[in-house]
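Okay, structure first, notes after.
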């Protein structure tokens with residue numbers, strides 16, 4: 001793992017975008033994208049730039065079960081608002097959280113991943129070490145699947161909803177094995193709340209108790225963190 005220390009999330013977004021541009025110059029065509037507050041500074045850099053993404057494909061990590069693209073809390077809505085409406089891509093894929101058969105939709109999404117191999121995967125990390133919505137206990141070879149969200153994840157995401165009861169309890173997520181198929185990983189984390197997870201990911205054993213620790217077995221991982229997130233290393 002390559003660890004890059006930055007002063008703040010704004011600098012982290014700039015650094016991540018530099019790595020994406022470098023990858024695109026070297027032929028990258030597919031970006032794996034994430035949602036939440038962590039990648040927002042990256043998407044600001046992307047939308048403010050003159051870089052053309054119309055030949056790029058994106059594959060998103062996850063989506064809440066029960067929310068469609070018109071729902072403001074859905075991850076499809078988030079991606080459209082923060083990136084795709086401002087910077088068109090050739091194709092954009094987000095899991096279908098409203099599918100009648102979620103298992104079939106998950107298997108179909110895995111086929112999409114295999115048909116569009118991810119060149120650069122953007123990741124955040126949960127306070128419990130989750131990547132995507134792969135909670136502790138998820139098999140490290142897991143593929144796209146339906147996830148029961150933990151109480152800590154629901155509480156971490158309640159700030160996006162009017163009340164905690166409105167937070168979906170399930171999601172469709174790329175599995176850890178799905179994520180590991182990507183050629184290059186860029187994981188960003190900011191703030192003291194992420195320090196324990198960063199320590200476990202980098203210094204701890206590879207274990208299902210810390211899903212992000214699987215990245216120790218990947219050949220090309222860049223970790224972009226501020227001093228607070230790095231404080232327990």
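Each Cβ is built from the backbone N, Cα and C atoms, and glycine gets one as well.
Because the structure is a prediction, the values reported are computed rather than measured.
Record features (Swiss-Prot):
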ACT_SITE  62  active site, proton acceptor
ACT_SITE  128  active site, for ring-opening step
ACT_SITE  130  active site, proton acceptor
ACT_SITE  135  active site, for ring-opening step
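Positions of the features from Swiss-Prot, shown on the structure.
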{"residue": "62", "record": "active site, proton acceptor", "Cβ contacts under 8 Å, 6 or more apart": "35, 75, 95, 132, 133, 147, 171, 172, 173, 174"}
{"residue": "128", "record": "active site, for ring-opening step", "Cβ contacts under 8 Å, 6 or more apart": "135, 136, 150, 152, 153, 197"}
{"residue": "130", "record": "active site, proton acceptor", "Cβ contacts under 8 Å, 6 or more apart": "136, 138, 153, 211, 212"}
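Taken residue by residue with DSSP, residue 135 (active site, for ring-opening step) is part of neither helix nor strand, so it is coil.
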